[in-house]
Amino acid sequence: MPTKPARDLQTFPNPKPDRPYEIAMECPEFTCVCPVTGQPDFATIRLRYVPAERCVELKSLKLYLWSFRDEGTFHEAVTNRICDDIVQAIAPRWIEVVGDFAVRGGIHTVVTARHGERPAGV
């Protein structure tokens, strides 16, 4: 497995696909670049999902998130891209991606992207 930034999300079989359960992850060191100013933007990315047949492998997720560090992108775009890419990789029953960005210009931005319907009782 690579040890440098990569957009390739690795997956593995869900060990309990018949049981709806939630997986939650947090990356407090996410960085991208403001496409307007060229300055770095810092965020905590929070993922919560209910897997179907596949799960996201953690090291590949770290390297995937790391791959945005030099990319110019708006908060809204990158949060939705992360959600879309994970949906493409694992087709979860439900997913929520929250981009909680550090204050910039006196404004604190939180972007939430969701896909699917959260199963009842999870």
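The backbone N, Cα and C atoms fix where each Cβ goes, glycine too.
Some features that Swiss-Prot has for this protein:
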{"type": "ACT_SITE", "residues": "CYS34", "note": "active site, thioimide intermediate"}
{"type": "ACT_SITE", "residues": "ASP41", "note": "active site, proton donor"}
{"type": "BINDING", "residues": "VAL56, GLU57, LEU58, HIS75, GLU76", "note": "substrate binding site"}
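In sequence order, ASP41, ALA43, GLY99, PHE101, THR109, VAL111 are the residues of the chain that are 6 or more apart from HIS75 (substrate binding site) and have a CB within less than 8 Å of its CB. Each of the recorded positions CYS34, VAL56, LEU58 was assessed for Cβ neighbours inside 10 Å, and the highest tally belongs to VAL56. If you take the Cα of GLU57 (substrate binding site) and the Cα of CYS34 (active site, thioimide intermediate), they are about 28 angstrom apart, rounded to a whole number. Annotation note: GLU76 (substrate binding site) sits in a helical segment as assigned by DSSP.
Reduced to three states, the DSSP call for ASP41 (active site, proton donor) is strand.
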